[in-house]
Structures are given as C-alpha cells and as structure tokens.
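I have placed the structure first, in the form of structure tokens, so that the comments after it can refer back to it.
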Amino acid sequence: MTEVATSEVATSTRTVNTIADLRAVLDERRRAGASVALVPTMGALHDGHLALVRRARELADVVVVSIFVNPLQFGPAEDLDRYPRTLDADVAALAGLGADVVFAPDVAEMYPSGSAAGTKVSAGPVGSRYEGAHRPGHFDGMLTVVAKLFSIAQPDVAVFGQKDAQQVFLVTSMVADLDLRLRIEVVPTVREADGLALSSRNRFLDERERVAALVLAESLDAARTSAVDGVSELLAEGVAAFGDHDGVDLDYFVVVDPDTFLPVDDAFSGRGLVLVAARLGTTRLIDNAFVEIGTDAGADTDAGADTDTGADPGADAAADAGAELPPSPAE
Ligand SMILES: Nc1ncnc2c1ncn2[C@@H]1O[C@H](COP(=O)(O)OP(=O)(O)OP(=O)(O)O)[C@@H](O)[C@H]1O
Ligand SMILES: CC(C)(CO)[C@@H](O)C(=O)[O-]
Ligand code: BAL
C-alpha cells in the first residue's frame, strides 16, 4: 500500500489532507471489495450532519466525511470568513460515530490554480432561482466542488440533507445529466425540539433572533395546514406567518414541483415542496417542507414541529405570496 500521512483519532478514524492520500486509502479498501459512502460537509458539525454520517454507516463499508469550506460557493459579500471552523471537535464527533476517513483539504489542495480559475460546473436554469437568485454563482461553485469530491473519492453513494433542498435537486440532476456512477441518498431535515432546522449558521443568532427564527418552521406549518385549500391559500398563509415578526426579512416563500423545481401554478394539486429563506440580522436561514396540495392528506414528511403558525390574519400576505422577492444586497 502507498504510504499515507494520517493522524489517528480513534482506533479507526483517519484524517487525510491531500487528494493523493485519500485516493490511496480508498483504492486499497476498494481492492479488498469495500463499498464507499461520501458525506460532503463544510464542517462545524451538528446533529443534522451526524444523521447523514449514521445513514452513510448503514449504506457502505467505508464512510468518508469531507470537511471543506468551499470558497467557490460564497459570493464576495457573503460569510466565507466568519463561517465556523471547528475541525478538532468535528473529527472527535466523527470518530465517535465510526467514520473511517475525514478528508480535510485546504484551499490550495482543492484549487491549486486559485478558486476563481479553472473549469466549473454550470447548474443550469434552476441554479439561478430561489437560493441562486440571492446567492449568484453559489450553485455553480457548490456543484463544482461536489463534482471534484465525487471524482476524488469515487463513492458508491453520497449522502445529502433535505435541509438544502435545492442543493439536493441540483446534485441529483448533475449525477443524471453527467452520467455519474453513484447514488444520491437524502436524509430528512433534523430539527431542534421547537422545530428550527439545525444549521451551522444558527450559532450566529442572538437570543431574540433565535426566538424569531422559529417563524421559518411556523410558516411551513401554516402552509401545510392550508395546503388542502390549494396553492394560493397555502402561499398566503405561509407568508402571513411572517407578518408579526419584526427583524425577520423574508427573501422568498415559494412552492415548487419537486420533479422540476419550477414554481407550481394556482391549479396545481399533489405533492409540492415549499421553500423559504429569511434573514435575521446578518444571518440567513433556509428551510423547506413537502406538502400535499388540494387533498386532505396533509404534509408527508419532515416539516417543522407542530407549532402554532404565528400568522397574522390581518397581514398583507397575499400580495407577496409565491413571489421570489428581490435579492438582498448582502448577507
Ligand atoms: N438540519 C439538517 N438536517 C439534515 N441535514 C442537514 C442539516 N443541516 C445540514 N445538513 C446537511 O449537511 C450537509 C452539509 O451541510 P453544511 O455543512 O452546509 O451544513 P449546514 O448546517 O447546512 O450549514 P449552513 O446551513 O450554515 O450552510 C448538507 O448535505 C446539508 O444539507
Ligand atoms: C455540499 C457542500 C459540502 C459543498 O461544499 C455544501 O454545499 C454543504 O455543506 O451543503
Ligand atoms: N448548506 C449549503 C452550503 C452553503 O450555505 O454555502
């Protein structure tokens, strides 16, 4: 076997920092017949990430977790510099779950000619909507690093979180469009007890913002409850949930067809996916939930805890319903 520089964390978890070392470790395991699962992350791990790792552990013989804060997916005014970096704690948590390899390259290893230079993957039209409208270039940068990680690790399966729904759609599309030879596994959103979706960025919320952040899950609950009455009602109630929350700026609240990721029209019925994004001070959060529209089946998935909607019946909700509101100047 090629000699590999590693640091042992637990008996069987290794951290590798170079592409060559990761390939050497995985090639040896694959030659022995092992299957490989990859969990791509940007670190600052929380229970949402750990759910992906647990799922990966069930799916393959070797679990690789990548930790790389990818500059290519951050805009110039975004939070690249303040994005949390907690590598030692991350590696300890992963060792506790029996992950086999932590891949933690630096920027020069991933982008030797600089992150602005070189070939990029284009996310296509859906990449410019919703998150992409507010974070221009984000999805091209995300797909580029994910394609590189797939090429480097050559996993049989890669595990992603439903919390980043548009990311899941675009990664799945890339795998199909480029005939990549792996399977994408999606894990439901992990939430705090009160319904807030776990996110590395939650740590930036102050006490007041943490309370106000619940409105995202509440708006999804409101949408789910009113979905039986159709798309317009769902959107009106979802947006109305933001009516009495000062200090929360709604970026978008839309319902899309999960198969196309395009907004549904008013007559749509069946399974829809509601996407929401909002800013609280300098922190931007996203969330989503599947809903069953026009039937009384209710939501079928991982939407937030069963909280009150907080909707203000008097709010001028309908005016903004379904709108992709103009992008904010900066995060
Ligand atoms: N609450 C969650 N439940 C399930 N999966 C999650 C959750 N949060 C993040 N993930 C998934 O973990 C993977 C890595 O995400 P990432 O490192 O960007 O963390 P994050 O918490 O989403 O950070 P941020 O939202 O601040 O960007 C992605 O596939 C993402 O969807
Ligand atoms: C998939 C990913 C690791 C690519 O940098 C990132 O977008 C994330 O953490 O969701
Ligand atoms: N969680 C998706 C990665 C990002 O926000 O850049």
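Glycine residues also receive a Cβ, built from the backbone N, Cα and C atoms like all the rest.
Lifted from TrEMBL, the feature list:
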- H49: active site, proton donor (ACT_SITE)
- 42-49, 161-164, V190, 198-201: ATP binding site (BINDING)
- Q73: beta-alanine binding site (BINDING)
- Q73, Q167: (R)-pantoate binding site (BINDING)
- 297-323: compositional bias 'Low complexity' (COMPBIAS)
- 297-331: region 'Disordered' (REGION)
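Positions of TrEMBL features highlighted on the structure.
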residue	record	Cβ contacts under 8 Å, 6 or more apart
M42	ATP binding site	I67, F68, V69, N70, Y83, S200
L45	ATP binding site	I67, T86, A89, D90, A93, L94
G48	ATP binding site	G161, K163, T189, V190, A197, L198, S199
H49	active site, proton donor	V39, T41, G161
Q73	beta-alanine binding site	R135, G137, H138, F139, G141, M142, V145
Q167	(R)-pantoate binding site	E131, F139, M142, F160
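Ligand 3 lies under 6 Å from the Cβ of the following binding-site residues, listed in sequence order from Q73, Q162, V190: Q73.
Listed in sequence order, the recorded positions among M42, L45, H49, Q162, S200 whose CB lies under 6 angstroms from an atom of ligand 2 come out as M42. Under the three-state DSSP scheme, M42 (ATP binding site) falls in the coil class.
Checking the binding-site residues M42, Q73, V190 against ligand 1, the ones whose Cβ sits under 6 Å from it are M42, V190. Counting every protein chain shown, the Cβ of V190 (ATP binding site) has 19 other Cβ atoms within 10 Å. Secondary structure from DSSP puts Q162 (ATP binding site) in coil.
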